[in-house]
Structure formats: C-alpha cells, structure tokens
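A short write-up of the structure that comes next.
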Amino acid sequence: MGINSDVSRPRARSTPNMSKKFQTIGLIGKPHHQGTNQTIEKLHLWLTAQGYTVLVEERVSAELEIEFQAVDLVEIGERCDLAIVVGGDGNMLGAARVLARYDVAVIGVNRGNLGFLTDLPPDGFETQLAQVLGGEFETEHRFLLEAEVHRHGMIKASNTAVNEAVLHPGKIAHMIQFEVYIDEQFMYSQRADGMIVSTPTGSTAYSLSAGGAILTPNLQALILVPMFPHTLSCRPIVVDACSTIKLVVSPDNGENLEVSCDGHVHLSVLPGDEIIIRRSQQRLMLIHPKGHNYFHVLRNKLGWGSKLF
C-alpha cells in the first residue's frame, strides 16, 4: 500500500550530500500500464536501497504494491533534483511541460514505442543509471514553445509545448483559412487542414509525419509545416527560434478551431482570433548517459542504413 505524503512536509530539496550529485529523485510513469508499474517498483527498490529519497507521482501510485511517498507533479518539480519518467515520449512530454518550470534534471526509461526522449532500457537500467547518478552524464537543454490565443486584443488562453503547437479544425477535419506572419511580416495566406509549428525536439514527431525536416536538437530554430495545403508550391519553412509567429484565423471560417500543444492541451480558437507562438523562457533539462549520440538514436529508431565499411 502507498503512503501519501504529509501535507505539512516543507516543499524543499534535501540538505546537500556532496558525495551524491542527486539527492531526491521523483518517479513518474504511464498510468494503468503494467510494464510501467513493474519498472517503477524496481526503480523505487533499487534507489531506496542506495539511500536516495524517492517520491512517486500520484497518478501511478494507486497501482503500486510498495511503500512510497505519493506527491503531485508540481511537488516533484519543487523537491527533486532528478525526475525519472517511465513510459513513452508522450509521457515525457506531459511531464516536461510542468518540470521545465523547475531546476530539475529529467531522464527517461522507455516503455513506449520509438522513444526518442527516453534513453534507458526498462530491463537492465541499473548499469547506465548508476553511472548517471555517479555524475557520468551529458546535459542537454531543450527549449519550449509558448502558444497564446488572442481575441479582441486580449489573451484568452495560453499553454506551453515541448514538441509542437498545431492549429487545426475542431472535431471534424476540413480545410481552414488563415494568414501567417513572421515577426509581423506577412509571409502568406493558407488554405489547408492546419499548421504545425515545431521545435527541434518535435521535428521527429508530428512534424516529421507531415513532411517536415528533422532538426538536430542543438539548432535554435523552428519549423512551420502546413498540413495538406491546397497548393502544389507550399513547403515547410525553417525560421529562427527567436521569431514570433502569428497565425490570423480568417473570420470566414465557419466553425471553431483549436490549438493543440503536444496533442495534450487544447486551446479553443474562434474565427478572427490570432495565435501567437514564440519561444518560451522555460527550458527542459534532459540528461543522457555518457556517449549519447543523436544520430545513433535516429539510425536506430528510424531504421536508417548502417555503416558500409
């Protein structure tokens, strides 16, 4: 049975122990997934045996058969030095949008499909994780997007995205009309099923499926990918990450639209609204085992050809 966290417990990180790079570790997982539960239990037992303080995210806590401290995702961000996300890239994205607000390192254990963001294997994670906990890791910062819906000069809704912000029809797929501005300069009008604005992190996700290029994570750039544009000449375009992108929805659109952030959060959009998408001040601090190679990940996940000689 789980032990809920004491509500009177101060939300502060542990007193530093100079012999350990990380002191308090949060475990986050894919809810209602047997494999994830097994991995979290193994991680919890392994980490506590080595003297770490371990917190478990409350959404997965009800299904575990060990004693633990159950807390919400915000408290993990406030109290932990390291968060381990067990699941697929979707679970990593959901956690990352919250954890990016805090100075907490994040690493993933892959219990999903491709797993571009989750480095550690669910079986035999101990060797690599021990090296990471011992200070042998590489740090990588990924920037986020901030998406805002403006209506009559006021911000009506906003959220952040690690992968992409997508303007699209609501419940029924159909063509929509909108104008695209980059740093207040008109680029073009579009008649399409929508527009994907992606970070380099998201360039191997929805953007890639829609025909966008892969951007290496260190690039300070965004890629705009029209979705099924009603023209033969429109192609994805890469712009500087410091650009402000404005999508102006035509008042002639007959139905309400949406902006999706990483496919998790949906912002309602009305005809005539303006969507402002820019680089967020928040950054996700990913850590990888030593020797992490992005092109090895691409080659492995996408089935690219191996060396010829």
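Cβ from N, Cα, C; glycine included.
Database features, via Swiss-Prot:
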ACT_SITE  Asp89  active site, proton acceptor
BINDING   Asp89, Gly90, Asn163, Glu164, His174, Arg191, Asp193, Thr204, Ala205, Tyr206, Ser207, Leu208, Ser209  NAD(+) binding site
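Known features from Swiss-Prot, placed on the structure.
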residue: Asp89; record: active site, proton acceptor; Cβ within 10 Å: 25
residue: Asn163; record: NAD(+) binding site; Cβ within 10 Å: 31
residue: His174; record: NAD(+) binding site; Cβ within 10 Å: 11
residue: Asp193; record: NAD(+) binding site; Cβ within 10 Å: 18
residue: Ala205; record: NAD(+) binding site; Cβ within 10 Å: 24
residue: Ser207; record: NAD(+) binding site; Cβ within 10 Å: 27
residue: Ser209; record: NAD(+) binding site; Cβ within 10 Å: 11
For this session: Just report the maximum Cα pair distance in Å for the recorded NAD(+) binders Asp89, Gly90, Asn163, Glu164, His174, Arg191, Asp193, Thr204, Ala205, Tyr206, Ser207, Leu208, Ser209, no decimals.
Result: 31
For this session: Determine, to the nearest whole angstrom, how far the Cα atom of Ser207 (NAD(+) binding site) is from the Cα atom of Asp89 (active site, proton acceptor).
Result: 15
For this session: May I ask for the distance between His174 (NAD(+) binding site) and the residue listed as 'active site, proton acceptor', taken between their Cα atoms and rounded to an integer number of Å?
Result: 28
Seminar exercise, completed: Quick note, Asp193 (NAD(+) binding site) and Asp89 (active site, proton acceptor): C-alpha atoms separated, nearest Å, by 25
